[in-house]
């Protein structure tokens, strides 16, 4: 198995990039916002920088890159797949740091981010194989990112800006539905295919059992956390709509 060392990666540069974007948002773009909403918006900004671009990067890495990577769940990572993994590791590292500093009681997001980091880091720097499957799952997960970040920005400003309140109210059920379909249906289907593939020996000799086994445990739990998060949002939405109907 080929060993991939951190010295050959762009991880430090991507980390600096996300730190810079976060600080630009905090110190300039959202300077006049309420302090709590200011840090939330800065987190949304780096999420916006990561989410949608990584969907296209993952698709390109898996299906369109001239190196023609093997479309196989246990294929060796190509240099461009490693590049995309570094791009995501840096984002999740900085956003996890944001949560640990400013929102340490948001256990769901912190655990989710740490779980994702574990999978990405071991795939990129320890195993060196399986990037095709991980990036496939990443693209599927982040396809909701643009919608989620628009919703998050609207949520931040809904109490101060009428348009933001209107956008938040109107977008919420569509975002929740989209997120539920991706994280609650399509994601589990892909994970099921991965489990069957590895369980039947598809990764033998390249992806150790401890690696794919722990990946599956972590990914399944990450999906469950995502489903729990959106379920809580659905409950809040129904409660809000119920109160409005009673008052009208």
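Going from the start of the chain as shown, residues are counted 1 onward.
Cβ from N, Cα, C; glycine included.
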Problem - Correct range for transmembrane segment (source TrEMBL, candidates 12-29, 156-173) - result: 12-29
Handout entry: Distant-in-sequence neighbours of the transmembrane segment (12-29), which means Cβ under 8 A and at least six residues beyond its ends
Key = 38-39, 41-43, 45-46, 49-50, 86-87, 89-91, 93-95, 98
